[in-house]
Amino acid sequence: EEAIFLRKKITLLRAFSLLIGSMVGSGIFISPKGVLKNSGSVGFSLVVWFACGILSMFGALCYAELGTRITKSGGHYIYILETLGPLPSFLFLWAEFFAIRPANSAVVSLAFGRYMLEPFFAPCAAPVPAVKLMSLLGYYVVLTLNSWSVTWSARLQMALSIIKLLALALIVVPGMMLLAQGHTENFQDAFDRQSLVLDKLPLAFYAGMFAYSGWFQASFVREELVRPERNIPLAVIVSVITVIVGYMLTNVSYYTVLGTQDVLASPAVAVSFVQRAFKGLISVVPVLVALSCFGTMNGGILTFSRTLFVASREGQWPPLFSMIHIRRHTPLPAVMLMFPLVTAMVCIGDIYHLMNFFSFSRWLFIGLATLGLIVHRHRHPELHSPFKVPLFIPVSFTIICLFTVAMSFYSDPVNISIGCTMVLSGFPVYYLIIHRKMSNFLWTKLSSLFFPLSDYLTHKLQLLLEVVEQEIKTY
């Protein structure tokens, strides 16, 4: 009875909530340990946190300009496709689907499960099988919600963003009160150079940037944003500044109440903080942290499903995943596609190994996307952009991203090599299937065998899922 397409339901407030909700998640409650471990001291760890915030602001400004130049949804994928071409965009899609996104979702899900169960098992650690079961339960709930309604997903994100800021406030306030009373003993000799190991700094930056990751999420839902030319730059600037201030104060509070050894020894830093600061809220803060992680899961599913949706529309992914539910107006097949890989990674994964595993690929392609902004400016000087950043911002951000990626081979060669192999494995897939470099005879024979079966399965899944192709262009 009505046209089938993705509606513009994400207002400025919802975009702000999406960004806050995606950035403030498990990272600030997990990453302090990783940043401190790889930076070596309290002072250098705070420098890393601030530098990661400034770097995130640079990246967010670059993506804000890309979002006003390129009018399609899809985030990293569509920016690389439109600026650098189909091969690097497919390699990103390949690595994102098989490595980056499921590993990222698994990290956040495991943090959700750990913090959700922590009050019930304190002072002991929660059993690993129970944590993984709770992690999967939370992920499946968010998956179902995103399949059901974009509006309800956005409303949940707004509510959870408020909870996230409340969780940060409960950590910041007691820490600042103790600091004001003169408890500065944990900041003595803050910049101890003897414990600084330069080849570990890229891993410290990975941990810090993981906590800030999410500043790019608005670009994934560009076609569903109300007034995107105005709201994308405004939302990213306000949200990133808010998060930088919140993260710096939170880390100072951690170090004020806990010593460096306590932070390194704690499997859940926020819970250890509450146990030391005020025992009356021991069971409250872990739940707030878990809900914060829940919001990050929600934002991740909401945005990455649009990448698969756009990639399918651009012909680099099976056509089923560019289809929309006829009543719910959600990209149902794209939303549901991730759950097998996330389930597998939650069952077998470890948080810190997963973090290094996907960080290499993520920052490689983010660096390529901002490199694409420089290329796009050069190729289209006549194109008017309502939002434009100084050239040194994309140049410096791109150089730092690619340099950090290169240095990480020395810091964690095993996990980084796995990530690199995952990216490179997309080459034969691209040339054999996407680019169709096979001989015409062989390709014709394979097409006659494969495509009828593919069309049959797509048709049957359409009927089962009640989805059809988008009827109105939104870009």
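Quick reminder: no glycine exception, Cβ is built from N, Cα and C everywhere.
Pulled from TrEMBL:
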type	residues	note
TRANSMEM	12-30	transmembrane segment
TRANSMEM	42-64	transmembrane segment
TRANSMEM	76-100	transmembrane segment
TRANSMEM	120-142	transmembrane segment
TRANSMEM	162-183	transmembrane segment
TRANSMEM	203-221	transmembrane segment
TRANSMEM	233-257	transmembrane segment
TRANSMEM	277-297	transmembrane segment
TRANSMEM	332-354	transmembrane segment
TRANSMEM	360-377	transmembrane segment
TRANSMEM	389-410	transmembrane segment
TRANSMEM	416-434	transmembrane segment
Point to revise | the transmembrane segment (42-64) touching the transmembrane segment (203-221) per 3+ Cβ pairs under 8 Å rule | key: yes
Review point. Quick one: do the transmembrane segment (360-377) and the transmembrane segment (120-142) have at least 3 Cβ pairs under 8 Å, skipping pairs fewer than 6 apart in sequence?
Key: no
Check your understanding: Cβ pairs under 8 Å with the transmembrane segment (416-434): which stretch of 42-64, 76-100, 120-142, 162-183, 233-257 has the most?
Key -> 76-100
Revision key, fill the gap. Relative to the transmembrane segment (233-257), the stretch among 42-64, 76-100, 120-142, 162-183, 389-410 with the most Cβ pairs under 8 Å is 42-64
Review point. Do the transmembrane segment (389-410) and the transmembrane segment (42-64) come together with 3 or more C-beta pairs under 8 Å, pairs six or more apart in sequence?
Key: yes
